[in-house]
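Swiss-Prot lists 20-42, 61-81, 94-113, 148-168, 195-215, 225-245, 258-278, 285-304, 308-330, 351-371, 380-400, 436-456 (among others) with the feature transmembrane segment, giving sequence analysis as the kind of evidence.
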Amino acid sequence: MLKVLIPTIMLFPTIWLSSSKWLWTTTTMNSFLIAFISLTWLKWTSDTGWNASNSYMAADPLSTPLLVLTCWLLPLMILASQNHINSEPVNRQRMYITLLASLQTFMIMAFGATKIIMFYIMFEATLIPTLIIITRWGNQAERLNAGTYFLFYTLAGSLPLLVALLLLQQSTGTLSMLVLQYSDPLLLNSWGHKIWWAGCLIAFLVKMPLYGMHLWLPKAHVEAPVAGSMILAAVLLKLGGYGMMRMMVMLDPLSKQLAYPFIILALWGVIMTGLVCLRQTDLKSLIAYSSVGHMGLVAGGILIQTPWGFTGAIILMIAHGLTSSALFCLANTSYERTHSRTMILARGLQMVLPLATVWWFIANLANLALPPLPNLMGELMIITALFNWSPWTIIITGMGTLITANYSLYMFLTSQRGSIPEHITNLSPSHTREHLLMTLHLIPIILLMLKPELMWGWCN
């Protein structure tokens, strides 16, 4: 754990001490080095399942894929941000990269925490850099409104969790995940216990977000700069799913009765957000709503608590993290050239940027879960688990996948095909940096297709 955490912390002096000429080069190279070191976590040597560096930090098959995803994304975010941050004063550039590195530090400590209270603190700490990135480097004036939504939704959801954790500490005497998963089931039968159960999960359902608690997400995504959108879609939403998986083990007897309304909301959200996507004109908003739909499937898979549901959820979280991040990068490359997120005003780009169209096509196919990509594997496992739980869910999930395919193709055709609008007269060609960025997003998806057991979690 420390072999990644210490180099990440050492990024801070690197950022502030390197000369302005070499700032982006050194930080990109160092973060790539950290990303490659983190791949060693995937080689599992421990017999117990837990690979602990001390009593506070440990990795297990559930957190390892998410830790590696976090480390993999930092260099990609730095690469994606170079163009639009380069024109700012050097100290602001340093501040921006510092915020991205601090986000990675908090995420590693959140996914690697063995004490739930430490996970909670790091879960909340990620809020501050994300909020600064959205409200300081966002594109439009609405970014302050988006930041307010983001802050208050997350805080309002998280306060009950803190109270619930203090009550858990009082009743069991420990908040260690290692101890709690082997302790006797808690006898939960009163109304107070049911409220406590909801308090444990609401924070994670807001973060995922569950349909109905999702209004902060499209606003935050649309207003955030490219790196903010990437980290939000790829890793911050996954904190919610990861936290739910960790907490569900302890809430077992009650979840069987109380999870129904949340499963219904999650599945209903898959269809509703898909239909919303079909009516979107804003490219980033469409990708943001598609994230809500995919995370609805993940929430459904986790809430029914079967091994297939859990495995499908973690596979879909990793695959969706890479895919949605790639889509936001592509949306940014088109925005940097046309200065518009409205799809009708930025259409027909296949004529000008043919290779970028290939990346759009692959990313959209991954988004609609084309076989044999891991997105399909995750969705199939969740759909199968839900079908075993109740055969009627196949109607909802089947319609959901159909609508997903529809809006993915709608996004591709609207942004790439057709004639170029008359107001677009001068477009710069694609940079090698952008092609490298897309390659590094899509290569892991293809490699995971060949060896999916790297992200199967505990079911391996």
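Every residue gets a Cβ built from N, Cα and C, even glycine.
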Intrachain residues whose Cβ lies under 8 Å of the transmembrane segment (225-245), provided they are six or more past its termini: 62-63, 66, 69-70, 73, 76-78, 80-81, 84-85, 96, 100, 103, 107, 110-111, 119, 123, 126, 130, 133-134, 137-139, 201, 203-209, 217, 284, 287-288, 291, 295, 298-299, 302-303, 310, 313-314, 317, 320-322, 324-325, 328-329, 331-332
Considering the transmembrane segment (94-113), which listed stretch of 61-81, 258-278, 285-304, 351-371, 436-456 counts the most C-beta pairs under 8 Å: 61-81
Close approaches to the transmembrane segment (148-168) from elsewhere in its chain (Cβ under 8 angstroms; 6 or more beyond its ends): 116-117, 120, 123-124, 127, 130-131, 134, 175, 196, 198-200, 202-207, 209, 213, 215-216, 219-220, 250
Close approaches to the transmembrane segment (195-215) from elsewhere in its chain (Cβ under 8 angstroms; 6 or more beyond its ends): 123, 149, 153-154, 156-158, 160-161, 163-165, 167-168, 188, 236-237, 239-241, 243-244, 247, 250-251, 254-255, 258, 262, 265-266, 268-270, 272-273, 292, 295-296, 298-299
Stretch of maximal Cβ-Cβ contact with the transmembrane segment (380-400) [cut-off: under 8 Å; candidates 20-42, 61-81, 258-278, 436-456]: 258-278
Best-contacting stretch, by C-beta pairs under 8 Å, relative to the transmembrane segment (436-456) and drawn from 20-42, 61-81, 308-330, 351-371: 308-330
